[in-house]
Amino acid sequence: MGAVVCRELGCGDIVRVKQGSSDSNGFLSNVDCQGDERSLWHCLAIREKKQCLGTKVICSGSLDVRLRDGLGRCSGRVEVKWEGSWRSMGSDGNIMISDVVCQHLNCGESSNINRELFIEGEKERLEWLWNVRCRSSSAKLHECFDNTDLKPPRQIKKNIEIICKKEELKFFEGNSSCKGKVRIEKFDGTEPDWLPAKPVEENKKKAADICSAIQCGSLVSFETEQNTTYAKVTCSGSKRVTFQNPFGEKCWGMVKVCGDGKCGGVCSNTWRTNEDSKMICENVGCGNPIRAQLPLQINNLPATYRSVYCSEKVQNMNMCNFIPNENSTCEPLAQVICTDSIKAKLEDPRDKCAGKASLFYAGKWTPICQDSLDTNLKNVICKELLCGENINDQNDWTSHEESKSTGLSRIRCPASANSVSKCDLEEVSEKECIVGYLKCTEWERLLLYNKKSACSGPVYGLRNGKTQQVSSSGWGREEGQILCEYLKCGNYISHSNITKNTDEWWKKAYNCSGKKNIWGCESNDQPNQNQQQLNIQCDSKPPKILLSNNCTGEVLINKEHVCASQWDDGMSNKLCESLNCGKALHRWATESVKTNTWHFSCTGKETLMWQCGFRKDSCKKILSVACKDSVEFSSTEKCGGKLGIRYKGQWEYVCGKLTEADTKKVCDVLKCNDQELLDEEKIAKEIKVKIDCPENHYNIFQCMHHLKDDTCSYGPAEIKCEGYTPKGGNSSVGLILGLLGGVLGLLILFLMWTNRKRLLLALRHYRNKNGKDINPDVKEMDKMDTEDRDLSEGKELFLDNDDYEDVDSLMDKSGEEDENDRKRGSSGTEYDDIEEQASGISPSQTHHDEDLDVPLLPKRPENILDQDTYEVETEKQQYYDDVIPVEAAANENAGMTGTQSYENVDVDEGADSDLDAGLVADAVLVTTEVDVHPQAE
């Protein structure tokens, strides 16, 4: 049926018959044709109207083929007109389809190509034709579509691209893109040829077509080249290939082709990264291409050209053929980055030839990772910037900085390279890393030395460790403004000249016309002789730098923290001195992620902190400083013990041993009378501070030093100041007070004991008043004497309690004479003959005449106050004529001088003279019979 229909309609041969996709009002069904019928109506069929699926017939007359986006009619991407629409042909068919297409277009056979030449078709449009297969190279076109499928385009498959052998590549030979001999290259393997001059009209028309085809405008002239048969053609336009980028640089950007009065980009899917990029980098003198992707597309470039095709003989991109983009868009556009676009810079707010290292790579400045900054790369960067060679400087912006950012790594440079563009960048990659910093031998800085102000004063240049005076020659308002901005001191106010007699002049001159930074103003012009130093005045007043707790704590600027990276001891000293807090004792860092902290960079030459370089950046460790005037001392014991120090909110031990002089210095500031003792459980275990006083110092705070390695080999220092009281000293005081109390008690008992004797004498006097005579029993007295001797040999306690009744308490131990008398067997009373005893008194013991008749008391038996007590029985007291009353005896004795003793009076050996005198004065003459009976207590 299909062949009959195609033949009846004059549409060629049958290609395919297939069932329709929708219902319709049918008229014929069950159609059966033999194939030679002249009309469909001649075929057998059931003729009735009914609803049914229709039948679709595709005839060869409906097929067509074309080559799009090629060099000409005989090259390009294959498109087939199928069912009334132009569709791309998928590349899953056999190679014979290329020959069939070329023959169908009268372009000869197809030529072999080994690269992608033409832009890919729009995949989002109609479905593609797949599974197109030809039985032979001589097959007719419609014979290749027997089993063709319509399917969406596939990502991994491309449409078929063909260059037939009759295709010609035409371009101008020479250095001009639109003028000269026209070279013609064919793809049939024959040698290239040139456009002939004759026949003139025919070739002149060809020349006009060539000018238009290769974006060179219209034909201007057609001449015969001298001494040849070839035409010399001149077109009206020109063609130029360059780069476009936001910075106007020549060695990187989007490929920009300008020709025939219009400019635009080239679609990237046919751009050859190696061949085409290499050619354009060489053409513009920018080295070799690198594999990198620009960060952003430059959207103001239209996609003017679909593809580019260059002859193998062409070395200039301007001579290539660029295929115009008629009605489609493409993304992305071709872009190229040449090696000579790679350059380095060092970023520092104050220094030239020093700072954070960055590369201009892939259209943007990107930091270099610290681990990629080896010695070779550092030296190459310094050489490229005419800054000498790298020097190692540990005191830089980033040596202690731990914050990370995206940086470049795996940059490898030979030692002989003098530019980073000559380094190996094939393996360059980006990663999160710590940014590298370097300083070159030719680094320099401008700074002020004024101790009164950070933003005004004489200007100096610092280089190679030497400071030199900057000449005022050539300085004006423009230069002064840029200098104030460089110093971060606000706006320029004025400048003046200072006459200095010195040879140390800064050998640089400054002209800032049209410049944006001070280093751009600098030139190596030698200043004139008889120079004067520049004195600048800017309007800024930097904020105060404070510590959070007077002379110790976090460093703050307008309540913003300062980063600990790059801060050194010299900077700490400057800060403490500016706060009148003495020298710095210690600085430390605290983990705390801050996004807006101050960073300082000092050379050591500055007199004020704000004369240093500074910037704001993120920081992970904020700075704290302790000045020596903030230090507190204490100890574990009152006025002594282990010495502690507090300078950052935490007590810690001081490393010992201290000299005697150092100890005295500490004692002077310890204030131990009202100190609070240290709790050893709360003291930090690490010992970080030692005390070592220099010969010339005026206070202890100059003697403190922070241990560099935080190790102390001596242990905690111990001191003993005046008033030192060891721990437990209160119990010793209590013991002493207890002993004193005991002694006082014994003294009271002793006094009571001595007064008891007088009490007994008073009692005895009372009895004598009643006139009773006391006659002691001789036997009882002997018995008492014997027991007294026994008691004297005992080892009883001193001052035991004794109770006596009617016994003379004033009797002491008897002397030798009393003891002999007892041995001679006295009658038990020693009062037998008072006159006899009186006659035995020595001259030194002689009484006054009026006292000779006074009877004396007998000697008290020894140990009468020991443990045993005695019961004394007395007879009824009687009055005797020879007994003198106590009062009379006292009156008579009142006139006696010196110390007098009597044989019959026994006085305690330990009594003092007053007591003896008292006993004599109170003596009572007693004649009585005494019965003594010992009784244990």
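Quick reminder: no glycine exception, Cβ is built from N, Cα and C everywhere.
Remember, TrEMBL labels are computer predictions, not curated facts.
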* If you have TrEMBL open, could you say which of Cys286, Cys433, Cys440 makes the disulfide with Cys369? => Cys433
* Which of these, Cys310, Cys330, shares a disulfide with Cys320 in TrEMBL? -> Cys310
* To do: Looking at the disulfide bonds in TrEMBL, identify which of Cys134, Cys164 pairs up with Cys144.
  => Cys134
* Given Cys693 (disulfide bond) and Cys310 (disulfide bond), what distance in Å do their CA atoms have, once rounded to a whole number? -> 84
* To do: Out of the disulfide-bonded residues Cys43, Cys144, Cys369, Cys423, Cys612, give me the one sitting nearest to Cys310 (disulfide bond) by CA distance.
  => Cys423
* Asked: Of all the disulfide-bonded residues given, Cys144, Cys369, Cys703, which residue's CB has the most CB neighbours within 10 A?
  -> Cys144
* Local backbone state of Cys144 (disulfide bond), from DSSP in three classes -> helix
* Cys612 (disulfide bond) versus disulfide-bonded residues Cys33, Cys369, Cys413 - nearest by Cα -> Cys369
* Asked: For Cys43 (disulfide bond), which residues of its chain lie six or more apart in sequence with Cβ-Cβ distance below 8 Å?
  -> Met1, Val4, Val31, Asp32, Cys33, Gln34, Glu37
* Structure fact -> Counted with DSSP (H/G/I as helix, E/B as strand, rest coil), the domain 'SRCR' (169-243) has 14 helix, 33 strand, 28 coil
* Secondary structure composition of the domain 'SRCR' (631-722) [DSSP: H/G/I, E/B, coil] -> 20 helix, 37 strand, 35 coil
* Counting every protein chain present, what is the number of Cβ atoms, excluding its own, within 10 Å of the Cβ of Cys423 (disulfide bond)? -> 21
